Amino acid sequence: MDASNTSNSFTENLVDQKDMDTNSNRNSSDSQPPTPPPPYVDGFNCKYENNATVINVKEETQCLLCLKSSIKSTMLVSEVMCARNHGEFKSLIMSMSLLMSGMCTFLQNTVGFRLPVYQGPIASYVLPLVVLLDVPQYACPAIHTYYNQTLGIYLSIYLSIYLSIYLSIYLSIYRSIMSGALILAGFLHMCVGLTGTVGFLLRFIGPITVIPTILLIGINVYTITYKFCSTHWGVSLFTAGIVLILSLYMDRWNMPIPLWTPKKKFHIIRFPLHQVFSMLIAATVGWTTCVILTNMGVFSDDPNSPEFFARTDTRNDVIYKTPWFIFPYPGMYGTPGFDVGVFSAFLTATIGSILDSIADYYAVARVVRVPSPPVHAMNRGILVEGFMSMMAGFWGAAHGTTTYAGNIGVIGLTKVASRIIFQMLGIMLMVLAVFGKFTSVLITIPYPVVGGLQVIGFGIFLGLVFGNLQYIDMNSTRNLAIIGLSILWGLIIPYWSKLNGDDVIQTGSDHADNFLKMLTRNPNFSGFLIALILDNTVPGTLKERGMLIWQGGNDEEGADQDENLEEGREVYDIPCLTRILKKYRISSYIPFLPTYNPNQTKKAN
């Protein structure tokens, strides 16, 4: 995640703040109308926002957030696959990332969950793969290091050619392995929604299980962040400082923006544009700083120096080598392979993705003021995410897609929650994915700028994980003990596995050994398993565990919220399909269809 990737606690605070503002306006004067909630669109007309110019600006805001997430995921994937210096590879991954994000976003808003959500790559889906680098068979090849330290500068040309060929073969094999593992993980992800297992999982998995699981995902992120920041700490801290000032210190200030419309003519509107674009502004300033320092000769031009990656003139050849148009297609990298170790990493990422998406579904429903999502909508949402993750494996994208919480926060800020905007966003991303020169420019961003953005993004990601604590009883010793023990054992088990080397597990089967070693060396899986067992075996009430609110809230809270709802549960239906399905009784037994009736299914059983 990143600085704008606000989680459920942030989006819910936005809603709470709007409630307070609305109540104060009602009590102050009848002449002051209450602040309108974010407009929800069930078609092409916006209920509260009639200014097309403002809508277009906010659509571009969502698009910029999506580009930022794709850039970060591309950098993470390139680190995991030892392709840090392979510009053409990064450009292709960036193109496929945008394509998968656009396709999944369009499907999710059209026939999936049906609320305005963006589907894209997030750090929680890629970070578990960092564990692979600790296993010798997945570690980056030694030749990937600075080659002219060994044989001298005169052989650098020949070695660079050999390195390029070597990495191309290595990346081809590794990409094939990751594709096959992602296809299977995406298929299992899809089956969770296809079979209606989401409701079953919510009986056992709650906030106490989610907190240590997602928190431990980011434990190893400091290694990658350090690699980028170490290229130049000054630029990284400068970039991070700009984001902090714009997004946090200036949080309560709305920027005056001049605007002209035919109805109101020239007028000034107040909007926190600096906060929404904080990451973009920081990246632009940091990039410009690197250009100036490069021209002044501040950065070393020695390829052996870390500062070499802070220069802006070292990867320009990527732009020239990348074709103008890229048309990704399934199987373009050959037949998918499979590896048990890589699959175990994707499996743990899939578990975290499902848990995170369920929480995001409830968050976006609160922000747009519609009823809590019914079971069939969540099943359909998880089904679409799993299907597109499986398609990402066929395309060779090396990462899955899931709900991106940052855009939920932007909905609360911009007051626009138009479904059609997110459908257009999906189409826009698919179009951008085709322009190879565009993606090649994005991946040439200097490394210290990427490091500064990651400092803020991953830092806030780790902090926002604790937002789920609001659902549980923090005065309960039971809850605190389970969370603490899960985090502790989530660190101890991987440390024990690494300390004992490759012989820590010996079952007689190499595939079983690799699978178990990857699971034991994965902190978030260990923490998830311990928290799941303890939370469901140690006595505690559903309210104490936070399960009542997690599963949709109690009756009293729901009754209070019904007064402020803008739409009914029909917003989750698929208009044309629902009318047809109502004619067939069997459709009420299929978990992902809009006519699904879980009570009728229980009676039949």
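Counting begins at 1 with the first residue displayed.
Glycine residues also receive a Cβ, built from the backbone N, Cα and C atoms like all the rest.
Annotated features, as they stand in TrEMBL:
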- 1-14: compositional bias 'Polar residues' (COMPBIAS)
- 22-32: compositional bias 'Polar residues' (COMPBIAS)
- 1-42: region 'Disordered' (REGION)
- 151-171: transmembrane segment (TRANSMEM)
- 177-201: transmembrane segment (TRANSMEM)
- 208-226: transmembrane segment (TRANSMEM)
- 232-250: transmembrane segment (TRANSMEM)
- 271-294: transmembrane segment (TRANSMEM)
- 420-439: transmembrane segment (TRANSMEM)
- 445-467: transmembrane segment (TRANSMEM)
- 479-497: transmembrane segment (TRANSMEM)
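When each of the listed stretches 177-201, 208-226, 271-294, 420-439, 445-467 is scored by C-beta pairs under 8 angstroms to the transmembrane segment (479-497), 208-226 comes out highest.
For the transmembrane segment (445-467), the neighbouring stretch richest in Cβ pairs under 8 Å, chosen from 208-226, 232-250, 420-439, is 232-250. When each of 177-201, 208-226, 271-294, 420-439 is checked for Cβ pairs under 8 Å to the transmembrane segment (232-250), 271-294 comes out on top.
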